[in-house]
Structure formats: C-alpha cells, structure tokens
Amino acid sequence: MAMNVSTTIGLLNATSFASSSSINTVKILFVTLFISIVSTIVKLQKSAANKEGSKKLPLPPGPTPWPLIGNIPEMIRYRPTFRWIHQLMKDMNTDICLIRFGRTNFVPISCPVLAREILKKNDAIFSNRPKTLSAKSMSGGYLTTIVVPYNDQWKKMRKILTSEIISPARHKWLHDKRAEEADNLVFYIHNQFKANKNVNLRTATRHYGGNVIRKMVFSKRYFGKGMPDGGPGPEEIEHIDAVFTALKYLYGFCISDFLPFLLGLDLDGQEKFVLDANKTIRDYQNPLIDERIQQWKSGERKEMEDLLDVFITLKDSDGNPLLTPDEIKNQIAEIMIATVDNPSNAIEWAMGEMLNQPEILKKATEELDRVVGKDRLVQESDIPNLDYVKACAREAFRLHPVAHFNVPHVAMEDTVIGDYFIPKGSWAVLSRYGLGRNPKTWSDPLKYDPERHMNEGEVVLTEHELRFVTFSTGRRGCVASLLGSCMTTMLLARMLQCFTWTPPANVSKIDLAETLDELTPATPISAFAKPRLAPHLYPTSP
C-alpha cells in the first residue's frame, strides 16, 4: 500500500544520507514548475485516477509521488539515491516497490522469485533499455549492445559478439594473451615485494583487468611506455580511471534522465563527468583503431592477431565491411567498460575478507597446492578443479556486488510481476545489493562464508537462479560470462598460489567499510605479499 506524503517525509528524514550544494537552486526550479502547471496537474490526477480504477491489480508499494515530478525531490536530497532506495525498501519490508521519477516508474527487485519472473518468465517483455545521457555516451549514440534499446542494431551487434568475438573458439584463440597478463600480474606483485612495498590491491586488480582487455583487443598492454615493474603508467591510470567513472555514472540517477527538458543544464554535475570520461576512453583507443583500419586498407596488415582485427575484417554478404568505424570504436569502448569492473571489485573484496579470516585464505591456498602443486603456475585449464577458490570469488560477488542495480530492463508492454501490475515503460532493476543480502534467501547474509557455495556440485561463477547477480541472464544478459569467470578465477588463483598475504605492518584488521556513494571499499585494500614458490617460477620481465 502506498504511503502518504507525511509518512514519506518522516521516512526520508530518518534515512537521509547526504545533501547537495545545489539543492536550493533545484528546489526553486521545482517549486516554480509546480506552481505554473497546477491546472495541468489536476487534470492528470483525475485521468490517472480513472485509469487506476480500471486495473485489476495494484501497483507495487512505494512512496507517494509529488504531482508530475514524482519522487525526484527525494532523489536529489537523499544522495546517494541507491542507499535511500534500499533503506526505503527495508523500512517498508518489501522486496519490490515502485518509485516515480518524473514520469518513469522505477521498480527495484530484491527477491529471486520476482527476479526470475522478469528475466526468465517475462524475458521478452523486459528486453528493452531506457535512453539516457550516460547510455547514449557509452554506446556512441546506441551503436553497441549492452545499453542499446531492443532494435535491429542491437540484434546485429549481439549476433556479431556471440558468433565472432566472444565465442568459445575465439576465447580459446586468445588464451595466450590472457596468460601473458596473468604472468605480468605475478611479475608486478613480486616487484612490490622486492621493493618492500605493500600491494595496493585495487591498483593490481583493476589494471590486470585493463591489461587483459587491451592485450586481447590491441595486442598491447600499454598506451605509453609502461612501467619497469609491470605496473600501470600514467596513461593506463587515466584510462582505467575514466572507465570506472563512466561506470559510476551509468544510470546514476541523473536529473535530466527523468526530466529531459533539463538536459544540458547539468544541475547535479553528472553530465560533465559522463561526457568527459567517455571522451578520455576514446582519446586513448580510437587512434589505435584508426591506424589499424588504415593498415588493413593499405594491405600492410594481412593476418589477424587480435579482436580489433576481427572487427575490421568482418564482411557482409556482398563482401563489404560489416561494421562502420564508429560501430567498431564504440563497441570496443563498451567492451572495455563492461569487462574490467566485475573481476577487479570481487577480488579486492575477497582478499580483504580473507585477510580478516586467515583460515579461509589458508584453505584456498591448500586447494591450489593440492590441485596444481608448487612446481608450476596455475593455468586456466585448472579452473574446473578449483572449487573452493571459485567459491571465494562467488561469495564476493554475492556480498560485495560491483554495482547497486543491474542495467534497467524496460517493460515493452503492460505486465504482471508477482501480484502487482507493472505498466509499459517501467524500469525494472534487480537490486544486486538486495538480492545478495536478502535474509530470506541467505542465512547470516552479512558474513563472508565461501562454504555456502560448496554443496552444489562444481562451483561456477554464474548464478542463473538470480539469488544474486554476477553476469545476469536472459537475452540481455552478459555474453562474456566465460571470459569474466576466467579473468576472475585466474586473478585470485595466481595471487593466492604465488604469494603469502598478510595485512600491512601495524594493521591487525583490514577495514571493510564501504564508500558512501559506491560499493567499493572506502579505503583501497592493501596487503604485503611474500613469494611462496621456487624463485625460478616467477617471471623476470614484463
């Protein structure tokens, strides 16, 4: 049952997280807007009441919206919005609610049963995506796959990805490039030990992911000269920082996404962050793509070496290039943005949790010694036999998701989820945070416990029952779950097999507090790594 305005305001005051310096300006704008169209509001309310009376099922519960603008004042006032939404659902004791932002129905879900209704039973209905500034910027004008509305362009690009780019055969073809970056990870961490430095696990994990994708796409690790110790140079740091900025603001509750007439005013500052981050990513990548296209045109390049070559050489039925340069550039940018975050975030958190529970760290290392031994380095071929290591990663995905919500699924027609009516155009989002921590699904949900995943046969990182979200599922699910699983497992396995990890000197316990406006550790996790294998097994060059 929807709450009245006074109840809602009381709830908001109780769950306030932060205030923006621009609140007063925005409030004035909304008050002026409200006064100027009061007569229209009355008409809309009457129309909505008549329409509501014709429905057989109620809308999901939620806060009473203000006329026309919905709950945008609350969205602005109580930043970060995702924490306000999760607290709202907790206080309402509901696994589904409906929050009105402008004319958009935002429907978060934190129950696996309802999540499966959306992405399995009603997958075809919820296959669309919303149009927002962040999605348009990431996709170069909706030329790619992940954030593109359900249309012919999406069908074309997804078919190319699944058949030519992310296929099992292509994954096998690119194995050696991934292996090079697993070796470079060990080289980099070993050099931190030689220099008597702690390892910044955020730096190590994020740049391992960036290195893997750059090597698979461009056959190179560095945009610049790189660093002698195998770590990122200034160019790679700027590039990866831009990737994570683009991710932070993707569907980030930007005001103009819900009130499009405000686009360009950048009232909450998000528009500049989005545009600048996506420009930085392309400033590094596009010159390499242009150069490679010219090499193929001139005949200088004749053999395929990486994914960029595959994109460029794809032909249509008439023998013409299947993709335009803009499609290639933007799809590669989207691949970079979409593949680095999940593995790096999960393993930074996993290492922090395991450092605070050394018995888990010990058990995972013992599994590696038993399955792989100490006479060679762990390889991708070992992954099927490393169930406990995978359980450690899987538990990090559950407890510490990289994003609060998954990418929105827009209803293409009126439908029913649970016992609630969901109008056409609603944004249904799975709460990654809420699903993974739902006490109705998980016992002791805030405890990091890999053992909870060890009684299900072979451990995998995918979760098709949607008890939590790793790579999602359905026709709009991640097409690169095999790649993501390999990157995640190899990252953790190499770190555990090759080094003994301890907290930094004078630190007895790793701080696992979350950043307020993200789900990353508030302080990047650092630890000291000591080699535990024979010296000849450690790579000696980047």
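The backbone N, Cα and C atoms fix where each Cβ goes, glycine too.
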Candidate set Asn13, Asn506, annotation N-linked glycosylation site, source Swiss-Prot, matching residue: Asn506
Fewest Cβ neighbours within 10 Å, where candidates are the glycosylation sites Asn278, Asn506: Asn506
Distance [Cα-Cα, Å, rounded] between Asn278 (N-linked glycosylation site) and Asn506 (N-linked glycosylation site): 40
